[in-house]
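Everything on this sheet refers to the single structure shown next.
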Amino acid sequence: MSEMKTEGSMRLNQLPEWAALGKHHEQVGGTTLRELFAADPDRGTGYALRVGDLYLDYSKHLVTDETLALLRELAAATGVAELRDAMFRGERINTTEDRAVLHTALRAPREAVIEVDGENVVPAVHAVLDRMSAFADKVRAGEWTGHTGKPVKNIVNIGIGGSDLGPAMAFEALRSYTRRDLTFRFVSNVDGADLHEAVRDLDPAETLFIVASKTFTTIETITNATSARDWLLTELRAGQEAVARHFVALSTNAEKVEEFGIDTANMFEFWDWVGGRYSYDSAIGLSLMIAIGPDRFREMLDGFHLVDEHFRTAPAEENAPLLLGLLGVWYGAFFDAQSHAVLPYSHYLSKFTAYLQQLDMESNGKSVDRDGRPVDWQTGPVVWGTPGTNGQHAYYQLIHQGTKFVPADFIGFAEPVADLLPGLAAQHDLLMANFFAQTQALAFGKTPDEVRAEGVAEELVPHKTFQGNHPTTTILAKALTPSVLGQLIALYEHKVFVQGAIWNIDSFDQWGVELGKVLAKRIEPVLTENQDQGRGEGGEQLDGSTAALVAAYRSLRGR
Ligand SMILES: O=P(O)(O)OC[C@H]1O[C@H](O)[C@H](O)[C@@H](O)[C@@H]1O
């Protein structure tokens, strides 16, 4: 780490490369996309990249060749490539937790050698994948039976954050590849309603709970898992001995798994160098593997690996994660963009943006640099969005005509999924026509003169004018396959990495989630016990607002 360029050295906004971008922005920041396309009619093909199965169009961005060159110089000056190489080498680049960051090892081929503290981790990765495969095959074959001897048919993943969003998102994304005769549910919220709705119509004798938690200390997950165990044992009128057939664990913490009562023979392991939000291609993906089968799961891993290799080796000019990362830095720093929309035109990607929220916002929602100094530049954006075309009839209005500047990614597929009901595939062109039309409208808008030419009354002209100039990336692939999903996720993982490297923040810790956890623990007894309402667990005075809210809650509950 000591050779990292930015550590302890010049701050991002003191770099000459930063100043050069600022000056460049003053010169070209007002240039419109209409002007850029008029100046270069080949922009549509020139500003595009192919990575694996992904076609990535970045022509509708407010950049010129010079902007891109300056941004790449910034990446060079901030040591993005050096930090990337350090990550792939297994160095402890997560400095605040003193950990390596090696989600890329989870999809490395069997013969690869990646060392952490002198030990090659790849054999262990594949050993777990093999165990997962054997288990998934058993469940899929109806050979994994419950306590009463019935084959398991319902799989309920209990986890939260990275131990939920990844498998839940990928299950949804790859639904057409899943075993439709098995039922999959994902429980995350500590609100009992979540587990209630997940199990109320299930036969416990046919239900397998997968308790997914990296730490196995997360209160929501342990609470839900305990309730699930109580439900199962009560319903089956069985004792502790039934647990082994109905509960498996995905974790890095064997001790806690055992403490919970799950036999470590039924535990699928991963490692502290896998961050929660980077973990669904680890053992955390077991529910997905059962759903789509080990072969499809491995295809997905190959998709991830393909983009890992691209990120590691492609020259800066053609490096897609680098490009996407730099574009976000450009808009955050010089256009004051506060948010970034991700708008998939696939219903199967309905959880994709929620997944990216954790990936991006938990990684780059930081305000001190790697040396603990406050940053005085924008870091991670608010990531948001839902699948098209639904958003078009809801919040796109604000993107088109509001006062906010919202760069957006549009993700679409040339083909509908294979198993749609007869006739429904014909709707795909309509979906995609919307997909193309939206980025067109966002980029080029409609001028007042164009509105007038349509005979619109003068007083309505300002209302019907579209300012345009809203930048978008379009990502197009032939179909949403397991490999393509892996490629997409790796693309975003590395984009987030690039931005964190440039902003000089630790993208791999998440201290910001801790305070709320601690306070919830202190407040809980005040809600449930006959305790002085104004005081927390330790007898400390609660702040006025919280004390009043607790009093209102207790009164509503008759306590
Ligand atoms: O997998 P677990 O250890 O249960 O953690 C689940 C989640 O909760 C934590 O609070 C972190 O904010 C997340 O990064 C993590 O994915």
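Glycine too: its Cβ is placed from the backbone N, Cα and C atoms.
Annotated features in TrEMBL:
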type: ACT_SITE; residues: GLU362; note: active site, proton donor
type: ACT_SITE; residues: HIS393; note: active site
type: ACT_SITE; residues: LYS517; note: active site
For GLU362 (active site, proton donor), the three-state class that DSSP assigns: helix
Three-state secondary structure, LYS517 (active site) (per DSSP): helix
Three-state secondary structure, which DSSP defines for HIS393 (active site): helix
Euclidean distance between Cα atoms of LYS517 (active site) and GLU362 (active site, proton donor), Å: 15
Between HIS393 (active site) and LYS517 (active site), the C-alpha gap once rounded to whole angstrom: 37
